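According to TrEMBL, the protein has these features:
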- 12-29: transmembrane segment (TRANSMEM)
- 59-193: domain 'Peptidase S54 rhomboid' (DOMAIN)
- 76-94: transmembrane segment (TRANSMEM)
- 101-118: transmembrane segment (TRANSMEM)
- 124-144: transmembrane segment (TRANSMEM)
- 153-172: transmembrane segment (TRANSMEM)
- 178-195: transmembrane segment (TRANSMEM)
Amino acid sequence: MRQILKLSIKPASMVLSLATIVASVWVAYDATGSLFSTVRVSALRGYGATTFADIANLELWRLITAQLIHVKQGHMLYNAVCLLLVGSLVESKLGSLRTLAIWLFAGGLATYVSPIGIKAPWDAGTGASQAVFALAAVALVLIFQRNVNRMRGAVLVAFSLVPGLALDFMTAGYPKPGHAVALFLGGLLGLIFHVRTCPEDREPR
């Protein structure tokens, strides 16, 4: 059990987690006057949330900023913890640059598609949950390839995925587009990076 709980916190994951907290809290305070208040989705576009029109206008920086800001700060704190934990697990095997690339590419694109089917002015992609899903998918690849402790990995993946998926099925009846795309892209990048980085680095059965 001690071995399962032992996890070294990695620098890139810590930076992503802290940046998420700082950006979200600052936006909440600036928009509402309170550090932990709920911020309207329509208001978040002015702080970096992304829509299809924004990306069509080549405002590509929103793929970064949208992942840092949240509607609900309780959800933000949960995402920040997941980024720190499952991100550190992934980073321990793939390194900081690849972990950041997963966050940027998979998380950014999944956040971009997350408003599919949502009408304006609520059609803005925000939040770190897409990046969390992408990193969890990478962690699943590492688990199946025995590159990380399986029990530790399973606990962290379940902690990162189960609440979000449960909420998706309760509210929509299926995984929401942003989460589904994040899982696909995360799994794909996990396979690519695994082959290049740690094909022979396996945990004992």
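Any Cβ shown, glycine's included, is placed from N, Cα and C.
Unlike curated records, TrEMBL annotations are generated automatically.
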Report summary line: Across 76-94, 124-144, 153-172, the most C-beta pairs under 8 Å with the transmembrane segment (101-118) come from 124-144
**Report entry** Recorded stretch, among 76-94, 153-172, 178-195, maximising Cβ pairs under 8 Å relative to the transmembrane segment (12-29)
**Finding:** 76-94
Report summary line: Ranking 76-94, 124-144, 153-172 by Cβ pairs under 8 Å to the transmembrane segment (178-195) puts first 124-144
Report summary line: In this predicted model, the domain 'Peptidase S54 rhomboid' (59-193) has a mean pLDDT of 95
Query - Long-range neighbours of the transmembrane segment (76-94), counting only residues six or more past its ends (CB under 8 A) - result: 7-14, 16-18, 20-21, 24, 70, 102-103, 127-129, 131-132, 135-136, 138-139, 142, 147-148, 152-153, 156-157, 159-160, 163, 193-194, 197-198, 201
**Report entry** Counts by DSSP class (helix H/G/I, strand E/B, coil) across the domain 'Peptidase S54 rhomboid' (59-193)
**Finding:** 102 helix, 1 strand, 32 coil
